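Reviewing the structure listed below.
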Amino acid sequence: MAMRWTLAQAQALFDKPFLELMFEAQQVHRQHFDPRQVQVSTLLSIKTGACPEDCKYCPQSARYKTGLEAERLMEVEEVLASARKAKAAGSSRFCMGAAWKNPSDRDMPYLEKMVQGVKALGMETCMTLGTLSDAQAQRLGEAGLDFYNHNLDTSPEFYGNIITTRTYQERLDTLEKVREAGIKVCSGGIVGLGEEVRDRAALLVQLANLPVAPESVPINMLVKVKGTPLAENDDVDPFDFIRTIAVARIMMPTSHVRLSAGREQMSEQTQAMCFMAGANSIFYGCKLLTTPNPEEDKDLLLFRKLGLNPEHTHTDAGDNAQQQALTRQLVNADSARYYNAAP
Ligand code: SF4
């Protein structure tokens, strides 16, 4: 049976001297993963804005004036065209996000077609659609959905300061339904909401102590969007962010820990330290939902500088097309760098 973590144990990890924590995280990481492999996902917003929820960090909430233009659910063909581009760019997982409290049953046939279509391209599929009913989770599972993303965001104690329209328990219930439907779980949180270190520890305890830890754990740095209530929050010290990644790696040794939103604001050195701390998944592409993601070339260059490779998934085993596409781009990006630097 998986180890159950206590809050005191998690806090003790956060309290470790930084370099000791990094060393431990890297050791745990190497026991379970090839440290040069990073899983690469692309995220597409299939329905943007006008969300009835009040998540205080989110520009997609209808309650905040952020200038974001709301869009209806995309057509299936448009989604598949984006997935083809993501695959050609070397992405192995395609994540589709909709700003909803929950999907309506009317939308389910379209969502099922999206899952089936993206899978037929040989990519892993992930969706994030809000709260699910048992029947909806089952339908997505039967359509072949590989992952469902639903973040816990923060500790149960701090949660009420950030969201009031959906309870923590509702989130846990959705995660349970997803599991029961045979879909893998992607769930993590955000650093920089105004929470204490204790809350970060408590969030990781919640995730690590689920009956099965999430296969994918996104750790986001708050992207402060003008017009949202958290726009003026204090910056998070990058070391505190890296610490959170390291503790997540130690507490969930076999999960993919994803360096997610907020990467745009991070230096290459901070990102490198995140990989050192055990992050082994990123979003790659021009859009991370509606917040900007580093341009693709910057990612490719960083991979090259650090000697990292995109990870294969079961869906592309025996077919090196994706790896070759990304490797080709890495080589091209690298020659461009030297070309530009030439006297
Ligand atoms: S985080 Fe999701 S649920 Fe919350 S307001 Fe944004 S889109 Fe809606």
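Glycine is no exception: its Cβ is also placed from the backbone N, Cα and C atoms.
Cys126 is the only one of Cys58, Cys126 that TrEMBL places in the [2Fe-2S] cluster site (with Cys95, Cys186, Arg258). Screening the binding-site residues Cys95, Cys126, Cys186, Arg258 for a C-beta under 6 A from any atom of ligand 1 leaves none. Reported as a whole number, the C-alpha separation between Cys55 ([4Fe-4S] cluster binding site) and Cys186 ([2Fe-2S] cluster binding site) equals 19 Å.
In sequence order, Glu53, Asp54, Tyr57, Pro59, Gln60, Ser61, Ala99 are the residues of the same chain, not among Cys51, Cys55, Cys58, whose CB sits within 8 A of the CB centroid for the [4Fe-4S] cluster site.
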